[in-house]
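One structure is given here, and the rest of the page talks about it.
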Number of protein chains: 2
Amino acid sequence: MQILDLLFGKPLANSEERGEQVGPSAGLPIFGLDALSSAAYGPEAALTLLIPLGLAGVHLIVPISTAIIILLVIVYFSYRQTIEAYPHGGGSYTVATENLGDGAGLLAASALMIDYILTAAVGISAGVGALVSAVPALQSHLLGLCLLILLILTLVNMRGVRDTGVAFLIPTYLFLGTLLIVIGWGLVRVVTGGGHPVPVVAPPHLPPATEMIGLWLLLKVFASGCTAMTGVEAVSNGVMAFRQPTTKNAKFTLTIIIALLIVLLAGIALLCRFYGIGATDPSGAGYQSVLSQLIGAVMGRGWFYYLTIASILLVLSLSANTAFADFPRLTKAIAFHDYLPHVFTLRGRRLLHSHGIYALVFFTAVLLILFGGVTDRLIPLYAIGAFLAFTLSQAGMVVHWRKNKGPGSTVRMVVNGIGAVATGSTLLVVLVAKFVAGAWVTALLVPLLIFTMTRVRRHYERVNRETANAQPLRVENIKPPVVIIPLDRWSRITEKGLRFALSMSPEIIAVHVDTEDNSMSICDDWDHMIAGPLKAANLPVPQLVNLKSPYRFILAPVVDFVLNKELELENRQIAVLVPELVVKHWWENLLHNQRANVLKLLLLLKGNQRILVINIPWYLQRP
Amino acid sequence: MQILDLLFGKPLANSEERGEQVGPSAGLPIFGLDALSSAAYGPEAALTLLIPLGLAGVHLIVPISTAIIILLVIVYFSYRQTIEAYPHGGGSYTVATENLGDGAGLLAASALMIDYILTAAVGISAGVGALVSAVPALQSHLLGLCLLILLILTLVNMRGVRDTGVAFLIPTYLFLGTLLIVIGWGLVRVVTGGGHPVPVVAPPHLPPATEMIGLWLLLKVFASGCTAMTGVEAVSNGVMAFRQPTTKNAKFTLTIIIALLIVLLAGIALLCRFYGIGATDPSGAGYQSVLSQLIGAVMGRGWFYYLTIASILLVLSLSANTAFADFPRLTKAIAFHDYLPHVFTLRGRRLLHSHGIYALVFFTAVLLILFGGVTDRLIPLYAIGAFLAFTLSQAGMVVHWRKNKGPGSTVRMVVNGIGAVATGSTLLVVLVAKFVAGAWVTALLVPLLIFTMTRVRRHYERVNRETANAQPLRVENIKPPVVIIPLDRWSRITEKGLRFALSMSPEIIAVHVDTEDNSMSICDDWDHMIAGPLKAANLPVPQLVNLKSPYRFILAPVVDFVLNKELELENRQIAVLVPELVVKHWWENLLHNQRANVLKLLLLLKGNQRILVINIPWYLQRP
């Protein structure tokens with residue numbers, strides 16, 4: 001237990017629950033890391049598609065970012081309303097289930113589970129990818145580093161929510177602080193420069209335009225830019241992790257996250273526009289990320305540049321943590337509806353739903369190993385889950401407002417409707433554009449997950465149907481079982497078993513298997529050791545059955561005998577007594593046959609409702 | 001079962017035992033293969049050491065072979081006497097134990113076990129080595145081929161003794177037939193050639209002498225030549241495998257084997273002498289085995305040459321089979337004295353001591369893998385075990401004759417004494433000459449094995465001491481146990497458990513663990529579902545104990561409660577009822593916690609003589 005304590009902290013009692021809950025300042029790194037780190041790749045993804053438009057593309061980033069920000073605001077209001085309507089934590093899964101029915105709920109559940117696993121995998125691989133670009137010597141250890149970071153995240157998260165917050169506080173605030181300084185100082189220089197600031201380090205020249213603006217291109221740009229929105233769902237899913245007043249704290253945290261994300265997206269878009277910064281070809285030799293160009297243009301390449309870049313790298317790899325915070329809560333909610341194994345509802349020693357963490361770590365590790373820890377291969381699978389969940393959540397909220405009519409509900413329904421249509425069409429665009437590249441994996445996994453969850457639910461329903469008991473205890477016809485006890489030879493173990501059998505029933509059948517190989521047999525000692533004393537004490541003498549076993553099988557004759565006896569004696573319970581020798585050292589087990597264990601297992605597998613097994617252990621003393 | 005039947009044959013009843021026993025013609029391949037195949041490397045090993053003496057060395061092979069044959073005759077008479085004195089099968093182990101005491105017996109046991117494992121490993125690797133020399137393309141699959149042959153031998157042997165005899169009959173008789181024809185025809189040509197036969201294919205010229213004859217050299221040559229004697233022990237160890245009259249058949253088989261071996265050794269020595277055939281440098285480029293030269297000189301290089309060579313290769317690799325026939329019998333004899341796990345005394349489905357075969361296969365595979373399947377690396381470990389066993393056996397027989405005085409016993413004692421001294425000094429020579437090359441491994445393994453066997457014996461003695469029961473059944477003070485039943489909520493499973501508890505004891509304690517996480521609790525239903533009906537029926541109402549578990553542990557509080565109860569209630573038995581859900585498909589287990597199994601295990605590990613576990617299974621119906 002001491003090693004566990006050291007690694008994961010001491011066990012926490014239920015009464016310590018409150019202490020494990022967080023306020024907005026600690027909630028921001030936990031639930032906001034994923035959303036905020038999206039700013040590091042969302043604008044870049046949009047600008048990359050705008051490269052063929054040249055300078056016109058860079059000018060287009062402002063209206064496109066505005067559109068994304070408007071969508072973000074719509075989604076923000078939607079989730080604000082969700083937090084209020086579902087104060088016990090309701091992400092897309094809950095909203096979709098309650099408003100659109102179980103089918104939509106399962107769809108949302110599958111989408112979210114896949115999304116969270118990909119969040120973890122992509123976050124880790126992106127972080128490691130950045131690290132490896134900086135230190136090329138580590139290139140050959142890509143996958144190993146990914147799994148190492150996964151291990152560190154697991155250990156940190158197993159300690160519990162509060163400790164996690166502390167671990168991620170500093171990198172998140174460093175990331176936000178440095179980036180906000182860059183944006184602020186950059187905008188000051190835009191104003192003082194009369195709209196034409198001079199870059200400290202000039203960005204690469206923009207290529208000439210090779211294409212014209214088209215609607216399909218704009219939709220694709222918009223869709224790519226929307227990856228900046230992944231992770232927004234997190235707060236509404238984890239409302240319960242906030243301290244009292246829960247709803248208020250959660251909404252406040254969501255507001256701050258969205259506001260910061262808007263500032264980041266708007267700031268990046270404006271700076272790109274005024275400094276003339278576009279994306280460079282990601283597969284080209286002179287590749288430089290948009291943020292790197294931007295920081296260089298505003299601040300130059302001093303220590304501040306490296307500090308900012310380092311914080312971006314760190315936050316990217318830590319964004320995986322959002323999945324650790326939310327995946328276990330999601331699986332708990334699904335398991336609560338009987339669609340996943342019930343272990344996901346149990347809280348472990350540190351008040352976490354530990355099994356959710358195990359599952360997340362397992363599937364993330366599988367993904368990382370399958371895709372070799374390379375981000376580019378994982379990205380096409382990503383985003384689909386997130387936008388499917390967005391769409392279902394907002395469609396659910398539309399239904400919610402229709403059901404719960406009140407002042408302003410029509411306006412809210414329209415807002416959610418617009419959101420649903422926007423995210424829904426984004427989803428379609430992403431699905432079509434990335435289908436061949438890997439989105440098909442997700443499209444295949446979703447129905448598979450739904451099928452599995454349906455089967456799980458059906459099983460639990462069957463168990464409940466079969467074991468539920470609306471009647472009080474039946475007290476009639478309680479009588480002792482027929483006891484069957486397999487014996488080999490007379491020993492203290494045999495005596496203990498027989499004495500117990502005598503204590504519970506007057507009907508005892510002693511069974512001896514005769515393989516013709518045994519030298520000593522209970523049959524030789526039966527009369528003077530067992531039957532005699534019992535007769536003398538006027539106690540019932542057990543029936544002795546000698547089973548011939550010419551093929552030297554020991555257990556099969558006993559099991560057959562028990563099964564036949566069960567058929568023969570209707571409405572009686574059969575208790576099989578299994579005496580067992582318990583040794584003190586594991587290696588001593590090699591010196592004894594494991595017949596007791598195999599017999600117990602065989603009786604369990606071949607038995608039925610009326611057969612039960614009583615294990616009489618005999619403990620060897622320490623020498 | 002059908003796959004088992006196909007691979008290993010159908011199970012054999014005890015009554016089919018006689019049919020599984022063999023006569024001399026089938027016994028020869030089984031017990032003689034190892035001894036007879038030694039003729040293929042014994043003379044060669046001696047001649048290799050005689051190379052530095054040139055032609056003088058070739059002349060020396062006749063007196064040295066004579067000495068070995070004399071030793072062989074001595075050993076033959078010794079084992080003949082052993083078979084008579086120990087008709088139930090007594091190899092060196094039995095003879096040493098009965099005459100020299102347990103210590104010497106264990107020494108012989110270790111020596112023999114190591115020897116048999118090496119017989120298998122060396123036989124297989126020598127055969128594969130020869131095959132690989134003939135087909136160099138297989139060189140890279142050396143170890144794989146070794147393990148494949150080991151697998152084939154295992155399958156063949158798992159079918160049982162008689163089937164094994166059939167499988168090895170043809171190769172053995174082919175080997176003997178071809179080699180005897182070569183020797184016979186060769187000697188005819190010696191006689192017709194007036195002592196100077198003309199070789200059909202001339203052997204390589206003998207090198208000039210570079211050394212003088214010395215005593216140490218002669219001893220080493222003698223020791224090497226004695227490897228021709230390995231395997232002679234087999235018959236005496238396996239007397240019981242012969243059909244009635246057992247002793248007579250065994251002695252006759254031993255006589256034939258020794259006679260054939262003498263003919264082979266004498267014939268090879270004489271032909272070498274008269275055809276002027278010496279060994280060639282084993283590591284040199286022009287290497288050719290002595291037998292190959294000899295067959296070429298007598299018969300030429302026609303189809304008969306290749307047939308003979310092929311039969312030699314086959315028999316060499318099959319000689320490993322002697323180990324399969326004898327190792328299980330040896331371990332059975334040792335286990336019978338409690339020095340090895342008792343499983344070795346059990347006969348499997350085909351009347352074999354299957355576990356001995358498993359152990360042999362396992363250790364042979366380990367040896368082959370460790371030494372890469374290369375014969376040269378295994379050879380230095382070999383022979384020591386065999387000669388240690390010879391020495392102990394013959395020393396034991398000396399004591400035997402001293403104890404059992406009678407007509408001729410003094411002569412016999414002297415014969416055995418000479419044998420003991422001769423094999424003993426051979427043992428010393430081998431040990432000294434090969435110590436650094438690998439004999440140290442054997443020298444290290446022997447005490448390790450003896451230590452292990454002593455520990456095993458001590459364990460069995462302790463178990464017998466603790467469980468042996470010379471008293472008849474105590475009939476006083478038989479009273480029902482206190483029943484403890486852990487319950488979570490009211491269900492048909494709970495009802496079944498409670499009804500069983502009521503059937504066996506009036507003292508029942510129902511234990512409920514309250515983790516504050518459960519929604520439904522038995523406590524809510526207790527009065528109207530359980531206590532009420534029992535009171536109405538005038539039956540005892542169980543005591544309900546509610547265990548608070550703020551850290552959400554479920555099993556620890558139950559186990560602690562049971563252990564405390566045991567301390568509290570002196571001289572009472574505590575029966576813990578564990579209700580368990582049994583599912584129909586393995587994957588359904590993933591949907592249910594395995595608490596019942598873990599609780600059973602914990603109670604077994606932490607429990608004591610007065611605590612026992614009753615497993616009440618609840619079977620789900622098929623859907």
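Cβ from N, Cα, C; glycine included.
Pulled from TrEMBL:
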TRANSMEM  B:49-77  transmembrane segment
TRANSMEM  B:141-158  transmembrane segment
TRANSMEM  B:165-188  transmembrane segment
TRANSMEM  B:213-232  transmembrane segment
TRANSMEM  B:252-276  transmembrane segment
TRANSMEM  B:303-324  transmembrane segment
TRANSMEM  B:357-375  transmembrane segment
TRANSMEM  B:381-401  transmembrane segment
TRANSMEM  B:413-433  transmembrane segment
TRANSMEM  B:439-456  transmembrane segment
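The stretches the transmembrane segment (B:413-433) and the transmembrane segment (B:49-77) are in mutual contact, each linked to the other by at least three Cβ pairs under 8 Å (pairs 6 or more apart in sequence).
Scored by C-beta pairs under 8 angstroms, the transmembrane segment (B:381-401) has its highest count with B:213-232, from the stretches B:49-77, B:213-232, B:357-375. Of the recorded ranges B:141-158, B:252-276, B:357-375, the transmembrane segment (B:303-324) has the largest number of C-beta contacts under 8 angstroms with B:141-158. Between the transmembrane segment (B:213-232) and the transmembrane segment (B:165-188) there are fewer than 3 Cβ pairs closer than 8 Å, counting only pairs 6 or more residues apart in sequence, which means the two stretches are not in contact. Beyond the ends of the transmembrane segment (B:357-375), by six or more residues, the same chain brings 116-118, 120-122, 124-126, 128-129, 142-143, 145-147, 150, 154, 157-158, 320, 323-324, 327-328, 331, 344 to within a C-beta distance below 8 angstroms of the stretch.
With Cβ pairs under 8 Å as the measure, the transmembrane segment (B:49-77) is packed most heavily against B:252-276, out of B:141-158, B:165-188, B:252-276. Non-local neighbours of the transmembrane segment (B:252-276) in the same chain are 24, 27-28, 31-32, 35-36, 38-39, 42-43, 47, 55, 58-59, 61-62, 64-66, 68-69, 72-73, 76, 79-80, 83, 176, 179-180, 183, 186-187, 190, 195-197, 199, 203, 206, 228, 232, 235-236, 242, 290-291, 294, 297-298; each lies 6+ residues outside the stretch with a CB under 8 Å from one of its CB atoms.
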